[in-house]
């Protein structure tokens with residue numbers, strides 16, 4: 001029954017060929033034989049053959065003036081590589097065809113290319129898409145279709161847009177399937193996407209074979225698959241994938257145009273199984289000619305679906321007809337081969353004399369065809385646009401395009417200016433329905449539900465448990481792991497683009513003691529005992545040779561911790577230190593200056609400053625120095641002296657307060673300095689030093705030159721403190737080496753006793769450990785960056801470090817972990833303005849006094865007048881009034897003399913005014 005259907009179908013095509021060809025034949029035109037090698041009786045090749053004849057009919061009906069007419073000769077390849085080669089040899093040898101259209105598959109094309117090259121007959125294929133055909137480098141082969149590798153950039157753009165880090169190619173085991181892999185692998189490597197596995201489906205795979213392969217894929221963590229195979233095989237694969245649960249939410253399937261362009265040949269069940277997948281589809285631009293052709297096709301062949309291969313066959317035929325017309329009709333013969341010799345059938349085909357000329361014209365033909373612009377570049381068409389579709393229900397929906405210049409865009413007319421600002425996938429593509437009718441973007445990688453959890457090893461620490469602490473719940477007997485490193489890791493897992501199941505396992509012996517140091521723990525990952533290590537593990541070069549580290553999640557190094565000693569010296573002359581020598585001398589000078597100035601202004605009018613010479617000298621010194629501590633007994637009566645004394649009182653107030661504050665600071669403050677300043681001084685002295693047990697620091701110290709006898713290990717902060725307090729003379733150490741994260745914890749506990757003076761060794765920090773090649777490394781590193789840039793990192797740091805640093809600053813960010821208040825010695829520069837004010841007031845007061853004195857003593861002995869009492873001064877009258885009020889026993893006498901005193905005072909004032917008004 002099946003054979004009879006094929007027979008009648010072939011018979012129909014034969015009569016249609018004859019009908020269409022006869023319409024294009026005119027008497028007097030040169031008939032040129034061309035061959036078509038195709039799988040006669042199959043749907044897609046039959047569509048292409050019909051399009052070939054429609055192309056010839058349309059071409060010659062619109063160009064009746066052309067002198068050539070192509071005559072199509074069909075060779076049935078019988079869906080076989082050898083059959084295709086046999087058909088081609090028969091067409092060349094018996095029909096002497098000048099060119100061959102076809103064959104259908106890439107495997108068949110390999111042989112035909114060799115035959116065409118041997119006989120100089122151009123082979124124009126409209127369906128062989130394998131990139132491997134290009135490697136044959138035959139000038140007589142033309143690909144009137146798109147090479148499969150041309151779409152890898154669109155696939156790469158999609159994977160990069162969604163941030164998937166691993167993909168698994170699923171392809172057919174033949175030339176067509178394998179051809180795309182080299183370019184696809186290179187493109188994915190450009191964006192750091194791994195291919196952990198390649199799923200190769202045999203050409204004649206059974207349902208059982210496909211199920212076994214799909215189960216392998218299901219048990220892998222990767223959830224992104226790229227399918228490149230024939231549409232018929234893809235239908236079977238997706239039906240099985242849906243049955244096995246690989247079309248649920250979380251999976252991503254991307255189909256190449258090899259599947260999408262042949263989608264119409266798949267039955268409805270197969271299409272429904274593909275719901276949610278993404279596809280790369282050949283973009284056919286809309287045109288009036290294309291719409292007209294589609295209408296004609298539906299009228300003539302309503303039962304047959306037009307596809308892109310038919311359009312390419314139509315354009316390839318048009319191009320060949322144009323090229324043959326341009327090549328002319330001269331020398332269309334084949335050169336004969338000497339058949340007398342023992343030659344093979346392939347060698348006996350002869351050489352086409354028309355081939356070289358036709359080769360040139362085919363290479364230069366250019367026109368706008370039904371499938372778009374037609375022009376050969378290096379023997380093949382060059383695509384610039386691919387359409388991105390999303391399978392929904394029993395159909396497909398366009399969600400965007402990929403263009404060579406702009407990448408992924410929603411619309412082709414999108415302006416390039418706006419493309420540069422796009423940042424998220426909804427800006428590039430339309431809404432997508434993923435497998436399982438999911439609307440959220442799949443993460444692309446997850447631990448299989450039937451797979452095991454990650455076994456994560458954690459170090460068992462004795463001291464510094466703020467970073468990692470392992471305890472056992474006495475009620476449930478379960479292990480409890482806490483600490484800064486653990487909390488940071490859990491925050492990183494929350495920031496991952498997919499779910500990761502894990503379980504912590506302490507690296508300890510059955511008795512609870514540590515099972516080894518960090519090197520031993522890291523080595524367990526290399527041996528496969530642990531899937532990862534989380535803790536205070538330092539990134540080192542020797543460790544990275546057998547494991548992979550993530551980016552550091554915490555800065556680290558090696559700090560040198562030394563004791564502090566107070567270097568402030570307190571002696572019997574400490575009271576002089578608050579003020580500089582210059583300030584002491586300046587103050588002393590001003591004491592004498594103020595005392596002498598006040599005596600000068602007061603001794604002629606104030607009895608307190610008169611008397612014998614020795615009495616007046618002692619009064620000067622007494623008055624000058626007594627102003628510093630208490631009010632002097634001597635009264636100050638003149639305006640100039642009072643102004644000077646008030647100013648000097650203010651200066652003394654400021655000076656004494658500053659002196660008191662500086663002296664108090666000097667007597668109570670500490671100037672703490674380290675006992676040792678560098679590692680080189682330790683080596684030079686041969687001092688004993690301490691180091692953290694189970695850390696890499698021991699190896700660093702041995703490399704530096706410290707003898708083993710001078711190295712003392714410790715586990716806890718308390719042990720380190722005890723060793724440093726003892727000192728090297730009492731069985732302790734002179735200094736200790738700790739990692740900088742532990743330095744923060746140690747100095748937070750002993751901030752006023754020790755100091756970090758140097759970081760002699762630089763390392764890359766703390767990182768999480770994974771096996772070499774683990775796909776988790778890149779994603780965990782990106783998640784570390786996300787957490788480090790978020791408020792969560794500050795929150796974790798405050799939770800585990802600030803509680804010990806509340807009374808002490810951060811010893812890492814602040815180089816001086818024990819800042820002290822050092823007394824500052826005061827100098828003249830701090831008070832020069834005050835001294836200047838006193839000096840100016842003094843000069844003004846003395847200047848006025850001198851002027852008045854000289855004015856009143858004109859022509860007299862100045863020195864005698866200077867020593868005499870000024871009886872004419874108004875101060876004398878004021879002094880008498882004050883004295884009379886202060887003597888109660890003379891109250892009657894004072895009362896009787898009131899009128900006389902008032903009269904005398906007024907008379908003196910009037911006399912002074914008449915003498916010099918300014919002297920009041």
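Keep in mind that glycine also has a Cβ here, set from the backbone N, Cα and C atoms.
Computed from a predicted structure; not experimentally measured.
If you look up Swiss-Prot, you'll see 1-24 marked as signal peptide.
Swiss-Prot lists 25-580 (among others) with the feature topological domain 'Extracellular'. Each residue in the topological domain 'Extracellular' (25-580) has a pLDDT score, and their mean in this model is 89.
Feature annotation from Swiss-Prot assigns N-linked glycosylation site to 53 (among others); the stated evidence is sequence analysis.
Around residue 204 (N-linked glycosylation site), no same-chain residue at least 6 positions away in sequence has a Cβ under 8 Å from its Cβ. When secondary structure is read from DSSP and collapsed to three states, residue 204 (N-linked glycosylation site) falls in the coil class. Annotation comment: Swiss-Prot describes 204 (among others) as N-linked glycosylation site, evidence class sequence analysis.
When secondary structure is read from DSSP and collapsed to three states, residue 267 (N-linked glycosylation site) falls in the coil class. Positions annotated as N-linked glycosylation site by Swiss-Prot, on the basis of sequence analysis: 267 (among others).
Residues or ranges marked as N-linked glycosylation site in Swiss-Prot: 331 (among others). According to DSSP, residue 331 (N-linked glycosylation site) sits in a coil region rather than a helix or strand.
Look at Swiss-Prot and you will find 342 (among others) tagged as N-linked glycosylation site, backed by sequence analysis.
Residues within less than 8 Å, Cβ to Cβ, of residue 477 (N-linked glycosylation site) and separated from it by at least 6 positions along the same chain comprise none. Positions annotated as N-linked glycosylation site by Swiss-Prot, on the basis of sequence analysis: 477 (among others).
Feature annotation from Swiss-Prot assigns N-linked glycosylation site to 542 (among others); the stated evidence is sequence analysis. Contacts of residue 542 (N-linked glycosylation site) defined by a Cβ separation under 8 A and a same-chain sequence distance of 6+ are given as none. Classification of residue 542 (N-linked glycosylation site) by DSSP places it in coil, neither helical nor stranded.
As annotated by Swiss-Prot, transmembrane segment applies to 581-601 (among others).
Positions annotated as transmembrane segment by Swiss-Prot: 611-631 (among others).
The transmembrane segment annotation in Swiss-Prot covers 636-656 (among others).
Among the features that Swiss-Prot reports, topological domain 'Extracellular' is placed at 657-830 (among others).
What Swiss-Prot records for 702 (among others) is N-linked glycosylation site. Sequence-distant neighbours of residue 702 (N-linked glycosylation site) (same chain, 6+ apart, CB under 8 A from its CB) are 708.
According to Swiss-Prot, the transmembrane segment annotation covers 831-851 (among others).
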- Note on the structure: Contact set of the transmembrane segment (831-851) with the rest of its chain, CB cutoff 8 A exclusive, min separation 6+ beyond the ends, reads 583, 586, 590, 593-594, 597, 600-601, 638, 640-641, 643-644, 647-648, 650-651, 654-655, 658, 918
- CA pair residue 267 (N-linked glycosylation site) / residue 53 (N-linked glycosylation site), Å rounded to integer, equals 28
- Message: Would you identify which of the glycosylation sites 53, 267, 331 has the most other C-beta atoms lying within 10 angstroms of its C-beta?
- Response: 53
- Item | Between residue 331 (N-linked glycosylation site) and residue 53 (N-linked glycosylation site), the C-alpha gap once rounded to whole angstrom | 26
- Item | DSSP three-state assignment for residue 702 (N-linked glycosylation site) | helix
